[in-house]
Amino acid sequence: MAEISLTFPDGAIKKFDEGIKPIGVAESISKSLAKKSVSGKINGSYIGMNDVITESGDFQLITTSDSEALDLLRHSASHLLAQALKRIPKFANIHFGVGPFIENGFYYDTDNGAGNQVSIEDFPEIEAIMHKIVKEDLPILSREITRDEALEIFADDPYKVELVNDLPVDEKITIAVQGDHIELDKGGLVPSTGWIKHFKLTSVAGAYWRGDSSNPMMQRVYGTAFWKAADVEAEIARREEAKERDHRVIGRDLDLFFTSQEVGSGLPVWLPNGATIRRQVERYITDKELSNGYQHVYTPVLSNLNLYKTSGHWDHYREDMFPPMDMGDGEFLELRPMNCPSHIMVFNHKPRSYRELPMRIAELGMMHRYEKSGALTGLSRVREMTLNDGHTFVEPEKLEEEFKSILTMMMGVYRDFNIKDYRFRLSYRDPKNTEKYFDDDEMWEKSQKQLKTAMDDLGLDYFEAEGEAAFYGPKLDVQTKTALGNEETLSTIQLDFLLPERFDLKYIGRDGLDNHRPVMLHRGIVGTMERFTAYLIEMYKGAFPTWLSPLQVQIIPVNLGAHGNYANAVQQKLQDAGLRANVETKDAKMGYLIREAQTNKIPYTLVLGDSEVNSNTVTVRKYGDTKTVTMSYDEFQYLILSDVSNYSRETE
């Protein structure tokens, strides 16, 4: 009998009879390995545990201990969901789009016709049938078929037919079969439905087919799955917490912002409370940058299209830009998608000397991005945004020093906002594919070493990501997890060798020659005001630290007639001290007014009655506390001003 040769991750090479399956390979090693093996991998492609290995090559067994096994479980759970739906009479003719795994779960896009779509109310019935199919322990097998066979199998499902027709002519087409259910699938599934024991359907949302608003709207059914029931329960609890932190919900409840189709999709309107938070952030970051040697500028939100042709944005970023405006005189103006070309113009508008370097330019610059409507979300994904942007033009030999300076400032900002959960990622070019990057090997090697040395000198932990650098230079990303569990980039320091060349930037060097080229560093400390505010809303759960809170003090007179004048006097003193205070004038019970102040997450509530008026004191209740403390007005003012000046951190 012919043999195949399999090379294992440890380098070992073993021969097996032709017709061997991954389960047989696993059993030849140990029964315990076979029991926990989810899938095989041959030459980088998944192969089911019960499918025949048809070629020699690199082989790997994926077990439940491997992180990617969870992806396979969730992918399989989406198929389980589809099979269960087809068994429910009212969904017997349902059409399916795609059903991938995603971070923390899975989804399947479905279309059952207008007025009869899948809803949350259907979940108990769907889950019951899913559990029944799990007990049936149906084997999941892959099979290669022809294009004609695929079109015949999925003839009644227009979305699957479209997917088949879009496949390249020479591409292999495979299906996954579990009982009476067939999926168009490339592999990466558990051995049988019996493996998918612990899952939960979580939500339903509308989603355009293939993310295109010109296509039909489908129902996207979301779920999650884990190897252990406890992990499912923990994930559901995390999601419930995430709902409570959702910046869109809190933004509505606390009157921070709103969005409206009448105004336009992706164009949030900042209400007074939200505008106050944003103003505090803007003032803070501007002052921080000024104190670190930055020069703040204002540059136009519109620029000549040629500026973006020179920068390369028009060639590589056009689909994310709004169409140019024809001014009728040969000039085309463009809503800027980025601020860097404008800052380059600031540097380049007159001759520069090394004595002016590093030149640090910063701006709260408004930008516009042509985002599809399906991608828009509250403040975190918008079409108009204001970026805390900065660019430094530096001598190449001073790069490491400037990098440290920016990074030190970043960490000071995180400290003031009480941001603790973040990690550093250094992104390098791919050493095996250098032709993808700006062509200057010496500059790449030197700059990557400088960034690494700077991180080491500062004693910071980081991980390195080869191949993740931009075309024009290495970078540092600061990664964080939002309260909703999504990883996003909080800050970036990006080295750029390309734009100084494209715009022919030069400065007069120490040798008196004017042919020296600066290195450009792009950096964003807090990103856009929109996304950063969304992040803060969710991180603080709407209970902002005193220095950021829209209203810092709510003053409640026990009787407006008897104590109103004193309340107004206290308010005036607080406002004179630069604080934001309000006197409650509603005619309601004291308990209700105090609860309302707590619901609105106001840091300090003052209750003023006869005793306080007569003794020139205030009775103070901090947000989240049940106890009150009576103190002199001067003591309270000192307390709250100390709180504000210390960014509401615990005294160190």
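Using N, Cα and C of the backbone, Cβ positions are placed for all residues, glycine too.
Taken from Swiss-Prot, the feature domain 'TGS' applies to 1-63. Positions annotated as region 'Catalytic' by Swiss-Prot: 246-545. Look at Swiss-Prot and you will find CYS340, HIS391, HIS522 tagged as Zn(2+) binding site, backed by sequence analysis.
Counting every protein chain shown, 24 other Cβ atoms lie within 10 Å of the Cβ of HIS391 (Zn(2+) binding site). Other than the site residues CYS340, HIS391, HIS522, same-chain residues with C-beta atoms no more than 8 angstroms from the centre of those residues' C-beta atoms, the Zn(2+) site, are MET338, ASN339, HIS343, ILE344, ASP389, GLY390, GLN494, ASP496, LEU499, MET520, LEU521, ARG523. With DSSP classes pooled into helix, strand and coil, the tally for the domain 'TGS' (1-63) is 14 helix, 26 strand, 23 coil. In the three-state DSSP scheme, HIS522 (Zn(2+) binding site) falls into the strand class. There are 20 other CB atoms within 10 A of the CB of CYS340 (Zn(2+) binding site), with all protein chains counted.
In the three-state DSSP classification, CYS340 (Zn(2+) binding site) falls within a helix.
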